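Features of the protein shown, as given by Swiss-Prot:
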ACT_SITE  80  active site, proton acceptor
BINDING   81, 82, 241, 246, 247  substrate binding site
């Protein structure tokens, strides 16, 4: 499937069953013991540098209809909004839930927590999906970093199921629409590396959630407007999201709410600056995450089917483990 151009390879069979009582334990087990399967599915020659995957596992939350581990070119994310949108349709269409009109509810257990998706359903066909995030919050604003090639810059850090750094393109001397994408990718990666080196992240629920997943370069238009606001997300190992980034839009909306640029139940459109794909998002209610003031964000988008595949490897294949070209 794809959501806004960002691929999602849903793994339904053939992957060894991960040990663990909780989804974070299963994530840790797959990361430590079964990572060769991620590389086989995500990397060339079966995948590519920017491939993204979702492994369906047994839920450990009673209310969950499905549970998922996310995977990318480097490791395993704790949340992925574009994947949740796709999985909402998939669960509705493949019998994980009973379809109901006008919307079908799908509870998806993610490593960051339970995410509730609502899938449009009419005349036997699923459509667009909206989901409500886990509590999203701002970790810090105006964090000064020493960024290789750019000197001292300030970023905001916000959580939307995963942690992201936010910076406007002009602060890096970039044009979000015209600068070659590799230059944006390199600059964003340097920002992410600086956060890793200089900022100690924390999450109230679990230390496994306390890592920087990527940097989102924006157009700087955070004041509320009916006009779309653009961004590009660079995550994992310099992977470029083709969609506006579901968890990133969640974190960015939480940041805008924190700065009083947007109010509850006001919807904003977010667009990928290069692909043109769009998500909409709105803060729907206040909450807490530990001691942090948090907000639940509702994100909407549409996913589409792209095909079915069965992957194999031969033992004598010298490249059976996969590879990446940088």
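A Cβ is built for glycine as well, from the same backbone N, Cα and C atoms used for every other residue.
Here the features listed in Swiss-Prot are placed on the structure.
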residue	record	DSSP class
80	active site, proton acceptor	coil
241	substrate binding site	coil
246	substrate binding site	helix
- Other residues with Cβ within 8 Å of the Cβ centroid of 81, 82, 241, 246, 247 at the substrate site? 3, 6, 79, 80, 83, 84, 85, 233, 243, 244, 245, 248, 249, 250, 279, 299
- residue 80 (active site, proton acceptor) sits from residue 246 (substrate binding site) (Cα to Cα, rounded, in Å) at a distance of 6
